[in-house]
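Everything below concerns the one structure shown next.
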Amino acid sequence: MIIVKFLSIIFILLNIFIFENVQSQTITNFVSNPDISQLQYDQSYLRVISNVPQEISPNTTLHFEYVYDACVSCSYQLLVELNSTNTNYFIMPSTFGYKFNVSILNNGVNTRFMYLSFYQKFNEYGVYDLSVNISSVNKTTKLFHSVNILSKEYNPNIPIAVMFSILTAMAIVWPMILYLYKRSKRDSLEYQLISSVERENNKKKDRLKSLDVFRGFSITIMIFVNYGGGGYWFFNHSYWNGLTVADLVFPWFVFIMGIAMPLSFNAMERRGTTKLVIVQKLVRRSAILFALGLFINNGVNLQHWRILGVLQRFAISYLIVGLIMLFVPLWRFRPSPSDINLNIDQQQHVIAPLDFNIDPAQQQSINNNNNNNNNNNSSDKIYSGKNNSFINNYLADLAPYWIQWLVALLLLAGWFLLMFLVPVPGCPKGYLGPGGIGDNSLYPNCTGGAARLIDMKIFTNNHIFQSPTCQDIYKTSSYDPEGTVGYLTSIFICFIGVQAGRIILIYKSNRSRLIRWMVWSAVCCGIAAGLCGLSQNDGVIPINKNLWSPSFVFLMAGFGFFVLTIMFIVIDIKKIWNGSPFIYVGMNPITIYCGHEILGGYFPFSFSVEYQTHSLYLLSNCIGVGCWLLIAYLMFLNKVFINI
């Protein structure tokens, strides 16, 4: 049974759409004889051939420049200057295509003439001869190019397509096996006793399974990405602007953390926990998370110990949002005369510090018996008066918290103020680009604008991340994607998650929850679309994970509301899926995350060969993540739950 579970877990990973093992996107040294077995994944051989020196003059040189397709608005880089008939073969990354500019350079007078521009895409393991020749047609001399493929190309998407097909088959077969097994056992006394116990346990539990599944799903993708994602570019983080699968999981986890906070705080309040004790727990957990992040960053070399990181971002976001919920007062509106019969808790609509009696609905237990919820009044009136106000009926999750929202929006405004008003030497004010060779090499030392400057002032270059994803493409120096300025927007998305959690607490019917989540999803995505102008690079605020730009945060929150809605329907309402295997990871998220970071370099969590292929890389990553899913499942079976 465990073996079958383990195999199914591995295959499930491919339903989800690296640092140390991501293939470098740089052109490497020349070789005289191409050997396919010496290539890594996403690489090809290229040789340049030309008749220009013979046709014109030995004193001429073919000047060959290129721009990698993934490098937006980049200046052309020199590929080769050819003054003979051909070059040796050199290794070219084949993930994206190239734009080439070719010109003839007269060495005697140092002038260029006869230009040629074209686009070319090379495929994995291909061997190419790229010919750029000169010819005369109707007394007109011009350059032209041609490509000769000397070796069969390979489609790099075949391995993941095969694995996805296996996953699809397993997703169909596995439920059928479970159904047939249960059907064969349903008449047995043991099965009936187990089923009755499970039904009783489900009635007692008020834990949202969809929230655990969403959390575990995010952690699982994060592990898969960090282990390499099979070497596929869409499982790596964006080089600068834009969005990949890998960019989803970090903000989603912060969003989920925000969802859980009002649920957790409400539970503590129901147990009679004082505010002082809650603050102590808040500070303690944040300190532990920050310390774990420092430990994972491996400060064995104190002079180059990176201070910031993923868990550090979790810690600060959790702490600040918790303090906002605890100490920023609520607005409590006065009841109308028709509501005078409401109980005393429902009449306390004055401005006062948060005492966890956030609203009357929070005095009720969180009811996840969705069959009973479906019978509730569709208007979902929160208070029990005959003539409930508009706020009581529709804005009870928002209106009392407008002061807290104001504080959160001020933090978001802080991102704009820092990024657009802090002067950065040698850079235009408000610069949001990658620097390096981006923007035609006008701002080579401006990566991230004010975000990098602030990190450099606080931590110095020795204590920030040295290998950002933009480095190979844009030829940049150090930059920390978990930098200080991004904390402001991560706090904001955490607070948006709090809104999703408050909807769970306040509204009893599934219909009310789903409608509000979808409205919030549409609003957040709409704001993101407005900020980025529906463009990857040309909007006012591009979607950018490296900067944690507001457009990125709003888009991730919008996606988060949408995924939560789908999972809530499938798991908690319709009960089509029990959340396995992600639910087990969601019950021990920090343990699994820290374990994968610490043990990622050990077998069986990873393995490699000298010349890596997508197939082997994907197999290694799937086995590694499958191991952690199995560990999470075994921890669940043994009732081991490690919380901080």
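Heads up, the Cβ atoms here are built off N, Cα and C, so glycines get one too.
Keep in mind that TrEMBL annotations are predicted by a computer and have not been checked by a curator.
Features reported for this protein in TrEMBL:
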| type | residues | note |
| --- | --- | --- |
| SIGNAL | 1-24 | signal peptide |
| TRANSMEM | 158-181 | transmembrane segment |
| TRANSMEM | 213-234 | transmembrane segment |
| TRANSMEM | 240-265 | transmembrane segment |
| TRANSMEM | 286-305 | transmembrane segment |
| TRANSMEM | 311-331 | transmembrane segment |
| TRANSMEM | 401-422 | transmembrane segment |
| TRANSMEM | 485-505 | transmembrane segment |
| TRANSMEM | 517-536 | transmembrane segment |
| TRANSMEM | 548-570 | transmembrane segment |
| TRANSMEM | 582-603 | transmembrane segment |
| TRANSMEM | 615-636 | transmembrane segment |
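Most Cβ pairs within less than 8 Å of the transmembrane segment (485-505), among stretches 213-234, 240-265, 582-603, 615-636, belong to 240-265. The highest tally of CB pairs under 8 A with the transmembrane segment (401-422), across 213-234, 517-536, 548-570, 582-603, 615-636, is held by 548-570.
Beyond its flanks by at least six residues, the transmembrane segment (286-305) meets 311-312, 314-316, 318-319, 322, 462-463, 466, 590, 594, 597-598, 644 of its own chain at Cβ-Cβ distances under 8 Å.
The transmembrane segment (311-331) is in contact with the transmembrane segment (240-265), judged by 3+ CB-CB distances under 8 Å for residue pairs 6 or more apart in sequence. Just going by CB pairs under 8 A, the stretch in 213-234, 240-265, 517-536, 548-570 that sits most against the transmembrane segment (615-636) is 213-234.
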